[in-house]
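Taken from Swiss-Prot as is:
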| type | residues | note |
| --- | --- | --- |
| TRANSMEM | 5-22 | transmembrane segment |
| TRANSMEM | 26-45 | transmembrane segment |
| TRANSMEM | 60-80 | transmembrane segment |
| TRANSMEM | 150-170 | transmembrane segment |
| TRANSMEM | 178-198 | transmembrane segment |
| TRANSMEM | 200-220 | transmembrane segment |
| TRANSMEM | 242-262 | transmembrane segment |
| TRANSMEM | 274-294 | transmembrane segment |
| TRANSMEM | 324-344 | transmembrane segment |
Amino acid sequence: MKPPILTIIMSTVISGTIMVLISSHWLTVWIGFEMNMLAIVPILMKKFNPRAMEASTKYFLTQATASMLLMLGIIINLLLTGQWTVLNMPNPIASNTMTVALAMKLGLSPFHFWVPEVTQGVPLSSGMILLTWQKIAPLSILYQISPSTNPNLLMTMAALSVLVGGWGGLNQTQLRKILAYSSIAHMGWMIAVTTYNPTLMMLNLAIYIMMTLGTFMLFMLNSSTTTLSLSHVWNKLPLTTSLILMIMLSLGGLPPLSGFIPKWMIIHELTKNNMIIMATFMAITALLNLYFYMRLTYATALTMFPSTNIMKMKWQFENTKNTTLLPPLIVISTMLLPLTPMMLSLF
């Protein structure tokens, strides 16, 4: 894609999200979602092949359905209250309709069907935007309407999401699908705490975005898309591969890495609100995510896959990719745990 066209499309994606973030009027929120959705489709189709076309079509159809449901909820709310204000959501039918629409946009279970397929069908850079930036706008609206949402509906979707996110990733060898299922599980953790502490949900989102950005950037640095290709990178770039494994273990929530913080704080919040069974269930399902990341770490670092290469180290050209953002992302993704007491006092 030519740089001027890419600049226009990316600025539209960013503008759409910012419009959703700053709007207090439902119509401008809906317009922001539409701008964002229409601009992201060309980014998903950056590599013009049948797989990318299929992924873009699945994404477009799902998001269009979610937008229609969102507009339906907005109209129901307008008819009953006569107001377009985002914070004014007294009717349970309107709030439930909007919650389902936002769940479809986020890829929460049982509306998760599109997330692994779309992520697998697009390039790594497009998948990175899909699993990070595209989560901000729906979660910001969910944050604003959280006092009006149905806790039982949110808890059901959260429980299904953490279960599907852990279970679905167990038999995957494609790194993009593993990250997609991990995204579903993380969204489940965020949704679980929305009713009780929405600010904690936004902290979880920030840490999740940092970890996922770091993982995708390291994958793009060495062009890894499968477990096999990642194991071969160990010969070429052992330091980079070890950083990938550290961030992936952080995504799995292994202490003492940063990914343990949101899980710890969310379980603490749920326990404080007498949701003992839900907290226990989520802690157990988190082990599924940790298991497939540990398995990936073992397969990459502690075993050597069959290779036609007879030399231990490979000849390599000088890397020309921009890595400016990687050091701070890696530090944030792995070393934030000592700051947890301060975060607990804030949230």
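Cβ coordinates come from backbone N, Cα and C, glycine included.
Long-range Cβ contacts of the transmembrane segment (5-22) within its own chain (Cβ-Cβ under 8 Å, at least 6 residues beyond either end) map to 28-29, 31-40, 42-43, 129, 133, 136-137, 140-141.
Within its own chain, the transmembrane segment (274-294) has Cβ neighbours under 8 Å at 155, 158-159, 162-163, 165-167, 169-170, 172, 178, 182, 185, 188-189, 192, 196, 248-249, 251-254, 263, 266-267, counting only residues six or more beyond its boundaries.
Between the transmembrane segment (324-344) and the transmembrane segment (178-198) there are fewer than 3 Cβ pairs closer than 8 Å, counting only pairs 6 or more residues apart in sequence, which means the two stretches are not in contact. If one looks beyond the transmembrane segment (178-198) by at least 6 residues along the same chain, the residues whose Cβ comes under 8 Å of a Cβ in the stretch are 103, 106-109, 112, 115-116, 118-120, 127, 131, 135, 139, 142-143, 146, 149, 151, 154-155, 157-166, 168-169, 172, 204-205, 208, 212, 215-216, 251-252, 262-263, 266, 269-270, 272-273, 275, 278, 282, 285-286, 289, 292-293, 296, 347.
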